[in-house]
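*Asks:* Please find one structure pasted underneath; my questions will follow.
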Amino acid sequence: MELIDSFGRRINYLRLSVTDRCNLRCSYCMPAEGVEKLAHGDILSYEDLFRIARAAVAIGIEKIRITGGEPLVRKGIVPFLARIAAIEGLRQLVLTTNGLLLPEMAADLRSAGVQRLNISLDSLRADTFRAITRIGELQRVLDGIAAADAAGFPPPKINMVVMRGVNDGEVADFARLTIDRPCTVRFIEYMPATRENNWQSLTVPGREILDRISASYELEPVEKGACAGPSRDFRIRGAAGTLGVITAVSGHFCGDCNRVRVTSTGMAKSCLFSDEGFDLRPFLETSDPIILQEALRRIVGVKPERHGMSACKAEHQAFSMAKIGG
């Protein structure tokens, strides 16, 4: 079964947030004091999240990414992931994490059926990492990556949000990681999650990122897979790994968008930058799975052709990336 939106795009990818809480305070994601924590009763139970995931797979979703906040801070996450991994028809279960809890949890996550990890890492320099995350320790993340490798995970995808004057001087350092390691590094254009002034000054366009790398290395394009995300992928000639750029600001990828999102409060969103949301809670009050499936079809049916953000403007309401799931 295929899930097709009104613009002919095949939707096969669900980003499912399990919590708004995080053990970091990254500057591009939330204010220094953090975000107001949602009440326990506002967060969907694991049972309801499982029902949403199962309904999504039933109508054509093949890949589920578990996000937060930081998903690993929610108690009971490992048994929940094992249930998701066992859903018949699901091809990929992946998880995005900041890596801080991987030293203790990587082996259990692998045993639960998580197939791959995306790790948010914005600097390889301890002082810069602390400045961006405000409270994070770089070595913990590096230890987490090592623990994931020891647990048998494939090489991770490392996500770097590039910010001019903050960490853009490390683009070449991150690119070099892929030469000897079969990992993937994705450079993400800085995107405004709030109505901040002069955010454009922080954005390094994807073209500039690639030009910086190309100044030292020859890049070859890499073909994308069926459930791939929005990055344009390349390989340094002869390298073991790959790199990519995600250009939400300078060159939207809406024509190839294959995803929907569900927040930890049960709001379904067909676009990260859309102000529209669809509350799934009323459809969780019945035990009839068809009703929930039709609700998910409805949000796909109103998926916009493209978002309203560009390098000149950001036509969306302020939001917390931690609450919406990225």
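Numbering starts at 1 and runs along the chain as displayed.
A Cβ is built for glycine as well, from the same backbone N, Cα and C atoms used for every other residue.
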*Asks:* Given that Swiss-Prot annotates ARG15, ARG65, LYS157, ARG259, VAL260, ARG261 as binding GTP, state which candidate in THR96, THR97, THR203 belongs to that site as well.
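*Replies:* Checking THR96, THR97, THR203 against Swiss-Prot: the GTP site match is THR96.
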*Asks:* Looking only at the domain 'Radical SAM core' (6-220), what is the model's average confidence as pLDDT?
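*Replies:* Summarising the domain 'Radical SAM core' (6-220) by its mean pLDDT gives 95.
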*Asks:* Please report how many Å separate the Cα atom of CYS29 ([4Fe-4S] cluster 1 binding site) from that of ARG261 (GTP binding site), as a whole number.
*Replies:* 17
*Asks:* Measuring Cα to Cα, how many angstrom lie between CYS257 ([4Fe-4S] cluster 2 binding site) and TYR28 (S-adenosyl-L-methionine binding site)?
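*Replies:* Given the Cα positions, CYS257 ([4Fe-4S] cluster 2 binding site) is 23 Å from TYR28 (S-adenosyl-L-methionine binding site).
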